[in-house]
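What TrEMBL records for 1-22 is region 'Disordered'. The annotation transmembrane segment is assigned in TrEMBL to 31-52, 64-85, 97-118, 154-174, 180-201, 256-278, 298-317, 354-372, 378-397, 409-431, 437-456.
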Amino acid sequence: STMRKRQAVDSPHTSSDLSEGKEKLRLKQEVGLISGVSLIAGTMIGSGIFMSPEWVLHHMGSPASSLLIWAACGLLATFGALSYAELGTIIKESGGEYIYILRIFGSFPAFLFAYTSVILVRPAGLAAVCLSFAEYAVAPFYPGCSSPPVVIKCTAAACILLLTIINCLNVRLATSIMNIFTAAKLLALLVIVVGGLVLLAKGQTQSFQNAFQNTTAGIGAVGVAFYQGLWSYDGWNNLNYVTEELKKPEVTLPRAVMIAIPLVTCLYLLVNVSYLAAMTPAELLSSGAVAVTWGDKVLGSWAWLISLAVALSTFGSSNGTFFSGGRVCYIAAREGHMPDILSMAHVRCLTPSPALLFTSAMSLIMIISGNFTSIVNFFSFVAWLFYGMTISGLLYLKIKKPELPRSYKVPIVIPIIVLVTAVYLVLAPIIDQPQIEILYIVLFVFSGIILYFPLVRFKCHPRFLQRVTLHLQLFLEVAPTTRDAN
């Protein structure tokens, strides 16, 4: 069978062994605490904090309420990540939501998640961030005018191809790049924070006078503002996608979450305060790129540093998204929900190169017709639909199976808050301002039923797939892997 579920268990202390004459490969455990913090923070700090503030302010109507949204988004991301940390210590397997839904709810909903994530959500998110990177990277070459769309898309495609090469070659190389770019983007955000504090010290506080004036109270507007803010926090769950590659996951996972997300939340709040110190709400709303406008006002001739920082930030975020997104495809294939070739690893590099190549190909397709602004709301809609399902699975385990061994426990009130918020974020925009695009997304999710029953449930696989798999296996120099059950 070209699609099958693997249940072999390998020793956690070796990268390969010999069993029944066959060599079993496993991805290396090379992600420590620093790399874990970098993966979370580095993926979260992407294009969002440089592009979303004006949209949060637009939907909320006032500076103070927009800051409350940013703080609430950070708190929600922290609660969600802490809930996921407990799941990660119960189910010590890579794959994030996919593996949790599979182990708790079964094959069918897990397949729908994998199908939606691998084909649509992850590639679209990666394409959006790479397009954002491209816009800032080529902007200095076209001063005074907008960059040609063809140049932007070609640059974004080159970014994806470079990330593919890096991630296929070596896990340590990919995590080292994450660490370097995370440090660079933290430095850039600190420059904005310090600049804002200097402006406040000089008395530029006009944006904070009558700060709640014109606040919007509609549930739909608040929900959409949450979507825009949460886009900037997206990545809080990324470490759960690589659990099998963590060193001491029962310790590293909770610690990395508790360090990374509060750090990012504080930075985001201070950066937004800095934006509002440099610009009036009206100026912020009219800015096409908030960070660049801030740089022009505060840094003067050094404003080019902000464009460079945004380009570095989005490239680092793209790397983190690609690193974790390829793992979803790899784990789903290993469990029999994707073609078997995608569950294999390179025999020398020990990276899931077929899954990474597939994710890269899907992202390149998205770039052809994609643009940044059209993705965020619909990406968030699908994401929080499955986040809510995953959190409900944790509540089920806490109530029905409290005896399961776990090294970390989150208070039950925290996942309850996350679940209620997820339901609100999914339903509020539909009730307040229904859009036909959301119906299209729901139809796409359930179109997976057409594939699930013949290919997964009844295993009706065309015979030529096995021959194709063997040829690809030889061409890509990959071999089947085993699950690290820790």
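Note: Cβ is positioned from N, Cα and C throughout, glycine not excepted.
Curation does not apply to TrEMBL; its annotations are automatic.
The largest share of C-beta pairs under 8 angstroms with the transmembrane segment (437-456) comes from 97-118, of the ranges 64-85, 97-118, 298-317, 378-397, 409-431.
Long-range Cβ contacts of the transmembrane segment (256-278) within its own chain (Cβ-Cβ under 8 Å, at least 6 residues beyond either end) map to 33, 36-37, 39-41, 44-45, 49, 53, 63, 66-67, 70-71, 74-75, 77-78, 81-82, 84-85, 186, 189-190, 192-193, 195-197, 199-200, 204-205, 207-208, 232-233, 236, 239, 284, 290, 293-294, 297-298. Take the transmembrane segment (31-52) and the stretches 64-85, 154-174, 180-201, 378-397: counting Cβ pairs under 8 Å, 180-201 has the most. Taking pairs at least six residues apart, the transmembrane segment (97-118) and the transmembrane segment (378-397) share three or more Cβ pairs below 8 Å and count as touching. Below 8 A, the CB atoms of the transmembrane segment (64-85) and the transmembrane segment (378-397) form 3+ pairs separated by six or more positions in the chain. 298-317 is the stretch from 154-174, 298-317, 378-397 with the greatest number of Cβ pairs below 8 Å to the transmembrane segment (180-201). Within its own chain, the transmembrane segment (154-174) has Cβ neighbours under 8 Å at 27-28, 30-31, 126-127, 130-131, 133-134, 137-138, 245, 315, 318-319, 322-323, 326, 346, 349-351, 353, 356-357, 360, 363-364, 367, counting only residues six or more beyond its boundaries.
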